[in-house]
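Please read through the structure below; I'll follow up with questions.
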Amino acid sequence: MEALRQRIEAAFEARAEITPTTVEPSVRADVEKVIAMLDTGEARVAEKIDGQWHVHQWLKKAVLLSFRIFDNQVIDGAETKYFDKVPMKFADYDEARFRKEAIRVVPPAAVRKGSFIGKNTVLMPSYVNLGAYVDEGTMVDTWATVGSCAQIGKNVHLSGGVGIGGVLEPLQAGPTIIEDNCFIGARSEVVEGVIVEEGSVISMGVYIGQSTRIYDRETGEVHYGRVPAGSVVVAGNLPSKCGTYSLYAAIIVKKVDEKTRGKVGINELLRIVD
């Protein structure tokens, strides 16, 4: 793995000279190997080690290199065709493979090759970009978007129209991360490498980026780039120092309790694949 990392790093430094026609076969093979590893979950752009998230930047660089290496191709899709550099993840799947991997994919969900989809996940008509990692038991609801290299935990619900930001454009240092057992409400956006920690509930219509103030009304503490574990967050405003206007903020109104869990709990009936 270390030798592969070093080769990817070296190729990335020379990326300006790389095109689909000039790329060395060995570089193409290395990038294809990384994409395959991301696709199966053998590798992931970020992982939690000893309670801290670590980003493997070289894997992200391989994803970026793929856009320099692979040429556009015609892609079949339902009643139409597409033209893109990245093939679709399920292009060569048959019924046996869908059943083996225990996932449901509702048309016209679009999932790019190089993204990982865990068992007992449900993909409604949604979009998952390459490099993303969607863990087991998660629901990606209608018109939700999982951006490039985003990390989605186990038993997460991404409600209708949710946007989870990617890292490729604009280029971000770290991926957006939604930890296990989180609920993201309809039309909310979490971007710019923000981490929503385990068990949190984001109400609908909440927008969180790195510069968004995340205000805990119980303690008065303000967080940036991180929603503490078990938080219930709604959209709100905080007054300016001069008191003449207010600016948008995400407000932590309480910690998740049994009443909250009852409202946003996972419906196991919807996760049955067999």
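Quick reminder: no glycine exception, Cβ is built from N, Cα and C everywhere.
Residues or ranges marked as substrate binding site by Swiss-Prot on the basis of sequence analysis: Arg104, Asp141.
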List the same-chain residues at least 6 positions away in sequence whose Cβ sits under 8 Å from the Cβ of Asp141 (substrate binding site), in sequence order, or say none.
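Result: Met124, Ser126, His157, Leu158, Ser159, Gly160, Val162, Ala186.
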Please work out the number of neighbouring Cβ atoms within 10 Å of the Cβ of Arg104 (substrate binding site), leaving out its own Cβ.
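Cβ-Cβ neighbours of Arg104 (substrate binding site) within 10 Å number 16.
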